[in-house]
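Copied over from TrEMBL:
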TRANSMEM  12-31  transmembrane segment
TRANSMEM  43-68  transmembrane segment
TRANSMEM  89-113  transmembrane segment
TRANSMEM  149-166  transmembrane segment
TRANSMEM  178-198  transmembrane segment
TRANSMEM  222-244  transmembrane segment
TRANSMEM  256-280  transmembrane segment
TRANSMEM  300-327  transmembrane segment
TRANSMEM  347-370  transmembrane segment
TRANSMEM  390-411  transmembrane segment
TRANSMEM  432-451  transmembrane segment
Amino acid sequence: MSEIKQHPQWSSRFAFILAATGSAVGLGNIWKFPYITGENGGGAFVLVYLACIALIGLPVMIAEVMLGRRGRQNPMSSMQTLAQQEGRSSAWSLIGSVGIVTAFIILSFYSVIGGWALSYIVEGASSQFVNADTETVGNLFSNLLSSPLQLILWHSVFMLIVVSIVGKGIKSGMEKSINLLMPLLFILLLILVGYAWAQGEFSQGVSFLFAPDFSKLTTEGVLAAMGHAFFTLSIGMGVMMAYGSYLPDSVSIAKTAMTISILDTLVALLAGLAIFPLVFANGLEPSAGPGLIFQTLPLAFGQMSGGVLFATLFFALLSIAAITSGISVLEPVVELMEEKLSIQRQLGAWISGGLIWFLGLATVFSFNAWSSWYPLDFIPWFQEKTPFDIFDFLVTNLLMPLGGLAIVIFAGWKMNQAKLQQELELGTLWPAFYSGLRYITPVGILIVFIYNLL
Ligand code: PHE
Ligand code: NA
């Protein structure tokens with residue numbers, strides 16, 4: 001019991017919003033959202049994605065933070081305690097343990113991509129983008145990808161930063177850095193959107209993003225849209241539960257979750273608005289894949305005045321946004337090692353970080369030596385997928401939505417309703433929220449899964 005009392009808390013609602021926004025806003029918004037939108041044909045995909053954020057993502061986030069705050073421990077122990085309180089099977093703690101596996105896989109590839117962003121700080125600062133054309137920018141990117149050594153170097157730098165911050169304890173420094181840097185990232189995105197508006201094919205970009213053409217949407221695209229709602233909000237694997245475990249009791253979870261979801265969505269849409277007008281103006285393919293932002297934004301920086309400064313700043317802020325997300329992925333792992341295995345935070349961070357670094361090598365090689373190695377080609381879902389693609393698909397489209405499903409079922413069906421109602425303090429919105437949580441959200445997730453199985 002004493003362990004529960006000692007569990008630290010955020011200093012305020014604002015501190016939690018900052019940390020949770022720091023977790024949510026990251027590569028998912030700026031790197032991933034544009035390229036998967038491009039791969040899935042634009043508008044219709046975006047519409048489904050937005051619907052998934054509102055009808056699935058938001059309720060899952062509310063439920064997950066709530067479970068974390070009631071449990072006040074690492075996700076696995078929290079679920080164990082809560083299941084016990086409600087007289088349910090201890091199998092519910094699987095939400096936490098599967099989440100740990102998910103965390104390992106996510107951070108392994110996230111760190112490699114975070115490394116790309118880090119390396120682009122240097123490229124930007126050394127004027128590599130100045131007056132560069134599509135070919136130069138394309139070569140710059142493929143040179144990076146074709147060098148395992150460089151990728152490993154930057155992946156290592158990224159992991160080192162994440163591990164040393166998590167090792168020290170997330171509260172020190174995190175609140176301050178997010179407080180200052182998030183608004184700055186936002187402003188830079190606005191500048192880029194302004195550039196895209198002035199110099200790019202803005203209206204074509206806007207209609208690509210927002211005019212839905214449902215003939216371009218596949219069932220796989222719908223699954224990807226739902227999966228991305230989980231990925232981008234950092235939900236369904238215990239991160240928000242771990243952060244919720246530090247949340248003071250007085251804070252309104254629903255309002256907070258709403259704020260985080262809106263901020264996250266805004267950043268993603270701004271990134272899309274900055275990138276697609278440039279894609280069309282430069283004759284690039286929206287479906288170019290994971291390199292999309294690295295092949296478009298440098299063109300803009302290369303043309304605009306002050307471009308060297310802006311490029312450096314942008315990739316630095318992107319890296320920081322990625323680091324704050326990376327920190328949040330490692331946090332529940334270390335929290336678990338501390339509370340369950342009594343491994344000191346510092347040591348736990350280094351051990352898990354080392355393992356994750358090693359797993360990351362599979363992603364590094366997916367972009368060069370293993371780029372046409374499809375290890376699970378015999379499984380329909382994993383056909384023509386490199387190890388990186390497999391990791392990404394597995395966590396984003398399967399494990400996180402399954403985790404989210406379990407979370408809403410526990411909150412909506414297995415928990416005492418009065419307790420839940422009291423915890424969430426939704427007032428007149430309660431009945432609508434509660435039936436949404438019990439029916440719309442889980443059924444929505446199941447429908448997307450079932451369609452993809454057929
Ligand atoms: N939400 C983060 C992003 O959009 C990624 C992330 C996923 C972070 C899962 C934590 C957990 O970049
Ligand atoms: Na995000």
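Note that Cβ sites are derived from N, Cα and C of the backbone, with glycine treated the same way.
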Contact set, same chain, for the transmembrane segment (12-31): CB under 8 Å, 6 or more residues outside the stretch: 65, 110, 113-114, 117, 170, 174-175, 178-179, 182, 185, 189, 228, 231-234, 239-240, 243, 246-248, 250-252, 256, 259-261, 263-264, 267-268, 271, 290, 292-293, 318, 321-322, 324-329
Candidates 256-280, 300-327, 347-370, 432-451; stretch with most C-beta pairs under 8 Å toward the transmembrane segment (89-113): 347-370
Candidates 178-198, 300-327, 432-451; stretch with most C-beta pairs under 8 Å toward the transmembrane segment (43-68): 432-451
Within-chain partners of the transmembrane segment (256-280) [C-beta distance under 8 Å, separation at least 6 from its ends]: 13, 16-17, 20-21, 24-25, 28-30, 33-34, 37-38, 42, 46, 50, 53-54, 57-58, 61-62, 65, 185-186, 189-190, 192-193, 195-197, 199-202, 204-206, 208-209, 232-233, 286, 288, 292-293, 296-297, 299-300
